[in-house]
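The following features are taken from TrEMBL:
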- 4-124: repeat 'Solcar' (REPEAT)
- 133-224: repeat 'Solcar' (REPEAT)
- 233-323: repeat 'Solcar' (REPEAT)
Amino acid sequence: MGVKGFVEGGIASIVAGCSTHPLDLIKVRMQLQGENLPNPHHQIHNLRPAFAFNSSASAAVIPPNSIHVPSPAPPPRVGPVSVGVRIVQAEGVAALFSGVSATVLRQTLYSTTRMGLYDVLKQKWTNPDTGSMPLVSKITAGLIAGGIGAAVGNPADVAMVRMQADGRLPLAQRRNYNGVIDAITRMSRQEGIASLWRGSSLTVNRAMIVTASQLASYDQIKEAILGKGVMKDGLGTHVTASFAAGFVAAVASNPVDVIKTRVMNMKVEAGKAAPYNGAIDCAMKTVKAEGVMALYKGFIPTISRQGPFTVVLFVTLEQVRKLLKDF
């Protein structure tokens with residue numbers, strides 16, 4: 001396949017990414033629910049519940065006869081439909097496509113690389129006699145392709161998360177990026193080049209999980225359907241196999257995706273400690289403050305997005321392959 005595999009994968013990924021972008025934005029907003037927002041009037045709200053009060057410090061600051069006023073309860077968590085409606089009401093319909101320029105760049109860098117590399121490895125590792133490839137080899141190819149693709153596309157991924165999450169911040173604290181190039185340029189200038197690879201270990205891990213589960217399961221399920229004669233090689237087979245692959249990918253990747261979103265979105269200010277010291281610290285604070293199931297926060301929009309994304313991705317890929325068959 002060579003370059004052709006990269007072109008086919010890139011076209012299919014951009015189409016799928018743009019068409020499901022609103023669902024991805026809702027997923028990001030839901031994953032950030034429960035995370036404390038900076039409050040310029042009450043500094044104590046910047047701290048997580050577990051670290052909000054220190055016994056010695058509070059004894060020195062709070063008079064013995066003072067009345068303790070409990071912190072306000074966090075706002076109730078809402079579902080994807082409610083989140084989408086609130087975004088439209090507060091920010092307008094166009095807000096559902098916030099960060100779409102970053103999505104295009106991300107798909108161009110990340111997905112083109114992973115789809116192309118997977119195709120190259122698949123061609124090399126397929127048994128020429130049987131025309132098949134063992135599941136273990138498919139998973140290995142997915143892990144390698146996903147990891148390399150994520151490392152290449154991480155700057156666009158960080159920019160996309162920040163642009164999608166910007167609308168939930170108070171007006172005075174929004175970054176207001178004018179596009180993906182502006183986001184990457186300002187991040188490099190204000191926070192250093194290294195900020196473009198913030199959360200890269202998480203991105204790589206997630207991409208390896210997603211690519212291995214998504215591409216390997218699609219190929220495996222498609223082969224099983226065709227091999228058992230359940231359906232012929234057509235749209236029905238492609239949709240069935242791709243939706244199943246999307247579900248597998250969503251279940252496997254959601255915990256890493258939640259942590260990745262929070263690490264990438266955190267605001268680091270000069271002279272102040274970062275909210276998280278890395279992926280493990282973020283995971284521990286998230287679980288301690290919100291419970292284990294917080295790692296599956298946003299799962300409904302994740303599967304709602306991952307399912308259609310994977311269907312559009314593979315259906316488009318199959319059609320592009322037919323169009324470019326003679327090239």
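Heads up, the Cβ atoms here are built off N, Cα and C, so glycines get one too.
All TrEMBL annotations are machine predictions without curation.
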DSSP-assigned states of the repeat 'Solcar' (233-323) in counts, ordered helix, strand, coil: 73 helix, 0 strand, 18 coil
Structural state census, the repeat 'Solcar' (133-224) (DSSP three-state): 79 helix, 0 strand, 13 coil
